[in-house]
Amino acid sequence: MSSSTLFHLFLLSSLLFSCLSNARPDEDDFSYIEGSPNGPENWGNLNPEWKTCGNGMEQSPINLCDDRVIQTPALGKLRTSYQAARATLKNNGHDIMVNFKSDAGSQFINQVRYQLKRIHFHSPSEHVLNGERFDLEVQMVHESQDQRRAVTAILFRFGRSDPFLSDLEDFISQISKSEKNEVDAGVVDPRQLLQFDDPAYYRYMGSFTAPPCTEDITWTVIKKLGTVSPRQVLMLKQAVNENAINNARPLQPLKFRTIFFYPRQKSNHDAI
């Protein structure tokens, strides 16, 4: 283990108790602590509306293994048309959420327009690439006019600060250090999250990763990793309930699903 990795682990663990002090007792309806009465393995029994969490056939997250994907160039380049929009930042106790109040743009899948509605943060990452879990996952939740849902996930490893989170730090601090659970974040630009040119990506059918674990969600997981600083991840952890400091749902079985993979088109001066 490198000295840099040891430092990052020390930084996070040394401030763990400050995370606990910000617990919100009214947000303990479910927990991410495995083995607890309201932990992930019991979500499906906590509420009749959450039964899919326990008996669903297309649950997320999953391990995305390159040796099990179907290479599908016909998926085409990721088509997005995002734009800056007014938003709030909300702490629901389980995660931090950017909630757009005006049109933040869209993603297009199979000629269907999915409008960006909100953005969630999970640490560590929920999805795993070839058995490796990363330090943060950002999930961009979209909805079509006929109420179909699609989520685009970007995974991050420790490194340089993420510019999108940098712009939100003051607002994260506000909802972490006060009784407020939602603040006006002004204008937020989601284009900062997807600054990759023609990224390779995985596509599969899954579910939301928190109760009620609704299925029939089209997932797009970007293969290229972003970077985030340990301090930024720590800010997210400090803001949430003590039961959600590590708010990543355990991996779910793939079962009979197919994972499709769009391989980025290489150029003479570029590579995946």
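Keep in mind that glycine also has a Cβ here, set from the backbone N, Cα and C atoms.
As given in Swiss-Prot:
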- Cys53-Cys213: disulfide bond (DISULFID)
- 28-263: domain 'Alpha-carbonic anhydrase' (DOMAIN)
- 1-25: signal peptide (SIGNAL)
Neighbour count (Cβ, 10 Å) for Cys213 (disulfide bond):
26
Where Cys213 (disulfide bond) falls in three-state DSSP terms
coil
Around the Cβ of Cys53 (disulfide bond), other Cβ atoms found within 10 Å total 27
What average pLDDT is reported by the model for the domain 'Alpha-carbonic anhydrase' (28-263)?
96
